[in-house]
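Colleague: My structure is below; once you've seen it, I'll send some questions.
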Amino acid sequence: GYEDLPRAVNITWSSINFKTILQWQPKPSGYFYTVEIHGQTSDIKRKCILTSETECDVTDVLRNVNETYTAYILSVMPAEMDNFEEPPFAVSEKFIPYSQTVIGKPEVKEYSQKDSKLNVVFKDPLTPYIFPNGSFQSIRDIFQHNMEYKLYYWKDQSSGKKHVTTKSHTFEVSVDSGKNYCFYVQAVIPSRRENRNGQESTVLCTSVGRSIFNEYGTEVFIIIAVIAVAVITLAIVLPVVLCKRKKAKKARAVREKELLNGV
């Protein structure tokens, strides 16, 4: 009977850029799970009906990102068996996509450092939600003015970070001319109490006047110095050795000639 079926435990919401996966335990044996999504102001939606998995993509039923949702994980018997009893279920914590989804990594499109200016251009992360024209909505389309970006930058091989903020897609900052800089971009939702900072973009570095010594340090300098000394030494020693060998050969030839004449 239904009353003997295990209930789901360890229910968690995992959401990045509004793509939301519900996960739980344990793996079912001899029964299935069905997920119900309850919104405070919306109808109940069923997902992953009679699944033997322990996760369910619920993104498409959370389109009202400001709604407060609760997931019910029902433990149910196979469809052909008696299903008139109310199945046992477990209830998740509440989830509000707008305030809880994690903001993913921005993508840096291009960057350059000219004289004392560092310029960075980046793109918003995209969401799974689509406009009527078929294009994907970006994070900015949803958060609009309630979102900003920070650029963290520092002199290459230095630990001192600086940061600037923008609401556009570009940064222009003043840097030391001729010095290389590294940086990353990160979205920020100032109104949030938790998850205010998004994921950091890939760290990139400029290469103004970068030499092999900047890349590999003193080790390369030492190797090059050793090779240079070896080449110079060889250039000095080799002619001396060859000259001595030539003189020795000439002297040997003279002695041989004298011995022949003596005979």
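Quick reminder: no glycine exception, Cβ is built from N, Cα and C everywhere.
TrEMBL: automatically predicted annotations, no manual curation.
Got these off TrEMBL a minute ago, pasting:
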DOMAIN    4-79  domain 'Fibronectin type-III'
DOMAIN    101-207  domain 'Interferon/interleukin receptor'
TRANSMEM  220-242  transmembrane segment
Colleague: Based on DSSP, tally up the residues of the domain 'Fibronectin type-III' (4-79) by helix, strand and coil.
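Modeller: Here the numbers are 4 helix, 41 strand, 31 coil.
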Colleague: Across the whole of the domain 'Interferon/interleukin receptor' (101-207), what does the mean pLDDT come to? Round it, please.
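Modeller: A mean pLDDT of 95 is what the model gives the domain 'Interferon/interleukin receptor' (101-207).
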Colleague: What counts of helix, strand and coil residues does DSSP assign across the domain 'Interferon/interleukin receptor' (101-207)?
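Modeller: Final tally across the stretch: 5 helix, 56 strand, 46 coil.
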